[in-house]
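Chemist: This is the structure, below, for whatever I ask next.
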Amino acid sequence: MSLCTLEINLSAIKNNYRLLQDICTTALVGAAVKANGYGIGAMQIAKALIEENCQYFFVATSEEGINLRKALNNDITILVLNGVFTHDALELIQYNLTPVLNNLKQIEIWQKFSNLKEKILPCYLHFNTGLNRFGLNYDEIEQLINDRDLLKGLDLQYIISHLAASEEMDNPYNLAQLNRFKDYLEYFPNVKASLANSGGIFLGQDYHFDLARPGAALYGLNSLIEVSYNLSYKEKFERNTPALATTVCINKCADVNTRLTYKVPLKGSYRLQNPVTLKAPIIHLQNLTLDSHIGYNMTFTTKRDSIIATLPLGYADGFSRNFSNQGEVFINSRSVPIVGRVSMDLINIDVTDLPPSEVFLGQEVEIIGNYCTPDKIASIIGTVGYEVLTSLGSRYKRKYIS
């Protein structure tokens, strides 16, 4: 077993969920637990959130859904975002999983199995409003509008879409997608809707509809970035959203020459909590003289006599090689630099400036925590906090704190 410990504070995740519930005053709040709960434990997270009355859980694949269903009661709704395929349709039915249908072919498959089983099957529909990754396109939606028999035998419970730039609060693409979504929903007046991911929740109540489905915010990740738009709405809209630049959409977005501003509900009064702490012990210490080389390819050379500590984790554990000679870890709240190349199983840190009483074999080093959050780590290596969490390896000893 690994010497490193990954602690997941379930109370922090529950706190984040309650915060999001407080913002979504007119909508239910589900939870995205795909990719094993963003790498930190889908089953444990789901069980904790059920205690907060969360009833909707989103996974990516049928396999993820089956694993989650085995841990949860049958009355909890589990949504499979990738939809249904011929090879897994029977398993979705067996394990009471609801597919999010992304194209007419998936609708056809689900309807076929509805006929085969002689039962009405639940489903969500995903409408593409501009992310252009998944979802029924305009032509397919038009077919559904004109031929409702395409949904015969199916219990359409929700229509969803996904925002492409929700973390950019002033991005006009958000409003364009919102209006496109509303246009589509007019043809399905009795069907509930879901649009807001984590960033969408903070865009305001217009984006909440009936169900929000946060992921990042549950795990303490920042779902908002600051972007300044100096172009007028129309200029920005026409330049960056050609797929949606229709007269209908532009006219429905109010004054096209007005810069958009969004207000975060109660901005500043809410703080998401980081639920993840990764700790590793010092397993080796060595004294090196001036001009000693450290690690593969000698990419770091000491500029003084130095004390170098080795920690038992590396890129096989999701600690990116991009941290080589950059980034920091913490010992008793003191910053310690990473030196040399990150290798598969080991990293080196320079502890020369620490008090001698804090440098010893077995000393606990914080890799991820309140001093170095996933978002901060991500900013160092040019990625996002989501990737930091989902990359965490399987070798860590995991400890769940209630």
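Cβ from N, Cα, C; glycine included.
Remember, predicted model here, so these are calculated numbers, not experimental data.
Heads up, here are the entries from Swiss-Prot:
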type	residues	note
ACT_SITE	Lys34	active site, proton acceptor
ACT_SITE	Tyr296	active site, proton acceptor
BINDING	Arg133, Met344	substrate binding site
DOMAIN	226-271	domain 'RPE1 insert'
MOD_RES	Lys34	N6-(pyridoxal phosphate)lysine
Chemist: Report, in whole Å, the straight Cα-to-Cα distance of Tyr296 (active site, proton acceptor) from Met344 (substrate binding site).
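Modeler: A Cα-Cα distance of 11 Å.
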Chemist: Can you tell me how far the Cα of Lys34 (active site, proton acceptor) sits from the Cα of Arg133 (substrate binding site), in Å?
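Modeler: Answer for this pair: 17 Å between alpha carbons.
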Chemist: Using C-alpha atoms only, work out the spacing between Tyr296 (active site, proton acceptor) and Arg133 (substrate binding site) and round it to an integer in Å.
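Modeler: That separation, Cα to Cα, works out to 40 Å.
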Chemist: Which residue among the recorded positions Lys34, Arg133 has the fewest other Cβ atoms within 10 Å of its Cβ, if you could check?
Modeler: Arg133
Chemist: Taking the Cβ of Met344 (substrate binding site) as the centre, count every other Cβ atom within 10 Å, in any protein chain shown.
Modeler: 11
Chemist: Which state, by DSSP, holds Met344 (substrate binding site): helix, strand or coil?
Modeler: coil
